[in-house]
Amino acid sequence: MALISLEQVSVAYDNRFILEDFNLQIEKGKLLSLLGPSGCGKTTTLRLIAGFLNAEQGKFMFGGKDYTNVPVNKRNFGFVFQSYALFPHMSVYDNVAFGLRLRKMKEAEVKQRVTRMLEIVSLGGFEKRLPKALSGGQRQRVAIARALVIEPDLLLFDEPLSNLDANLRVNMRVEIRRIQQELGITTVYVSHDQEECFSISDQVAVMNSGKIEQLAHPTTIFKYPASEYVARFIGFGNFIAFESRSDAGEDIELSRGALKFLAAKRPNGAGNLGMLGAIRPDDLQLWPSTQEAPLSGNTLSGRVQVSTYLGRSYQYEVETELGVFTVNQEMDVPFAQGEQVTIYFPKDKLVLVQ
Amino acid sequence: MKEGNRGLSLYTLLVFVFLLGPLVIISITSFEPGTVLKFPPEGFSLRWYRNIFEVSMFMETFKTSIIVSMLGNLLALLLGVPAAYALSRFEFRGRDTLNALFLSPVLIPGIVLGFTLLRYLIVVYGLPIYAGLLIGHTVIMLPFIIRVIASSLANFDFAVEEAAQSLGAGRLETFFKVVLPNIRSGILAAVLIAFLESFNNVDISVFMTGPGVSTLPIQMLTYVQNYFDPTIAAISVILMVLTAALMFIIERLMGFAYFTKR
Ligand SMILES: Nc1ncnc2c1ncn2[C@@H]1O[C@H](COP(=O)(O)OP(=O)(O)O)[C@@H](O)[C@H]1O
Ligand SMILES: [Mg+2]
């Protein structure tokens, strides 16, 4: 049974519903992330779970108990804020000890736990520093230690890395994942950065204006987005609206006017609903139209409109009878503007969405 | 420096002379040894400074002023801190109205406020003059307390309070362990600003004084109606120094931004 369960929850600000009939289940020990653009309701969902917000309707069940009306300070959940929210007037040690002292723990045990936690986040020796004398990464680690030391039943992160620079972000997310797995603590992680979510999560929920569009393992979402919205959000830049499909054969046969395309079925037969074909710019291949394509079918001829250099590859905007396609391709001698080309759509990379 | 700026500098200088000149003249005349206020003074003496301490009315009313300002300050804090907290932290219906209500003593002319308080507190409800004086001063201090503390709360990240709550602290615990230590300088500044406002107040006090109860500024007014010696100049100098010292502390605590952004 799921540890956490949001059941038919609705939240409104100023009579405008942000979440409506919202459902979410999380298994014990897993890290689930909420991914979506700014304003889609991720923070609202997290604050609802934390108890900072009250639902207009619905229930929040935790470990089989109804937590809907349990106040924040009785929930024993750890919350890590985007702004770190350390206590400015307290040393690193006192910040981390705060929750334990509220629990009336003996100083000797407080000391032992704080010291151990600071070691886990690699901040041994920083006990006496004030937060303002720490770097962003160090502050965030204090915030994590402070939330973890109370041995919370659930750990909540709201865009914890977005104020850090790129390298540190990568290191910190690995840290967060390591600690989370080491302690086996159930976690909800909010971010608008797909790479961040994909890299550390057991499950990703992609959100769109207060609704979960897809909830799945990161690789599933990455390969098989379920909807156009999810596909766009995770970088499927090219779409073809097909007019008919047939699932009779080994592959799915698609057509648009006189054009025929094939899309591979998924190994387990699931997904691939709808008639909108989606493919990433990285997965398309370009051939000079003078040269014969190595495979027949799944091609479209066009003309290079714009070519830009991305460092690792070139990016082309190719104009075709079905509109403009974006293609990223590594090559030594790039195509020139105006050159006639053939675009090849590998059938195992072409995904159908709703 | 550029040419154009020289004219501007001169202009600024003139404004300062205009503003500060009278204060300088008062300060100089306070050292007059004779019995009549004169400029320039005919010598140098601390005689009138000594006189302040010898005239019992001044000492009495000084004591009243201090007590009223401090006690009123305490009352204004007890009312103002929760109000400032609620106004800056919670969204609720009627918040703007309440805000305006708390600030209205700054907007209403002191004379009007003073007269109203006299009419109701003393005439209608028959409160003792001393109580009326205390209430009047609490009322004029309240907006300053609320504004300064609210602005210092506005600079304090609400997430820090939420962090405390998520770690298990209740509302009151959060306020005393997390909020209060971080707005201490704001509270001190609020207390000092309110103190100045109350201690130098004339327009409210003038309605709330009577036989046996008077504040220092009112006593000074009465005194200049009857005497022409430089005692008042000497008191003024002491009050100016006191005010300047408090302003210096306030500036250290809050910066003058508070005074310029009203
Ligand atoms: N306190 C609030 N009052 C009114 N509207 C709010 C408030 N907080 C958030 N919203 C609105 O709710 C929506 C979802 O916000 P949020 O959950 O913060 O999104 P996200 O975290 O995904 O960026 C946004 O449209 C936002 O404007
Ligand atoms: Mg957010």
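Positions of Cβ are set from backbone N, Cα and C atoms, glycine also.
Look at TrEMBL and you will find B:12-31 (among others) tagged as transmembrane segment. Beyond its flanks by at least six residues, the transmembrane segment (B:12-31) meets 37-41, 43-46, 48-49, 230, 233-234, 236-237, 240 of its own chain at Cβ-Cβ distances under 8 Å.
What TrEMBL lists as domain 'ABC transmembrane type-1' is B:62-250.
If you look up TrEMBL, you'll see B:66-88 (among others) marked as transmembrane segment. Tertiary proximity for the transmembrane segment (B:66-88) is limited to same-chain residues at least six positions away from its ends with a CB under 8 Å from its CB atoms, namely 95, 98-99, 102, 133-134, 137-138, 141-142, 145-147, 149-150, 153-154, 175, 179, 187, 190-191, 194-195, 198-199, 215.
Residues annotated as transmembrane segment in TrEMBL: B:100-122 (among others). Away from its own ends, the transmembrane segment (B:100-122) comes close to residues 83, 87, 129, 131-132, 135-136, 139-140, 142-144, 146-147, 201-208 of its chain (Cβ-Cβ under 8 Å, at least six residues beyond either end).
The transmembrane segment feature in TrEMBL is assigned to B:128-150 (among others). Here the transmembrane segment (B:128-150) has long-range neighbours at 64, 68-69, 71-73, 75-77, 79-81, 83-85, 87-88, 102-106, 110, 113-114, 117-118, 121-122, 183, 186-187, 189-191, 193-195, 197-198, 201, 204-205, 207-210, 213, 215, 254, 258, meaning same-chain residues at least 6 beyond its ends whose C-beta is under 8 angstroms from one of its own.
According to TrEMBL, the feature transmembrane segment maps to B:187-210 (among others). Tertiary proximity for the transmembrane segment (B:187-210) is limited to same-chain residues at least six positions away from its ends with a CB under 8 Å from its CB atoms, namely 65-66, 68-70, 72-73, 76-77, 80-81, 109-111, 113-115, 117-118, 122, 129, 132-133, 136-137, 139-141, 144-145, 147-149, 152, 180, 216-218, 221, 239, 243, 246-247, 249-250, 253-254, 258.
Per TrEMBL, transmembrane segment is recorded for B:230-250 (among others). Long-range neighbours of the transmembrane segment (B:230-250) within the same chain, counting only residues 6 or more positions beyond its ends whose Cβ lies under 8 Å from a Cβ of the stretch, are 23, 26-27, 29-32, 36-37, 48-49, 51-52, 55, 58, 188-189, 192-193, 195-196, 200, 216, 220, 223-224.
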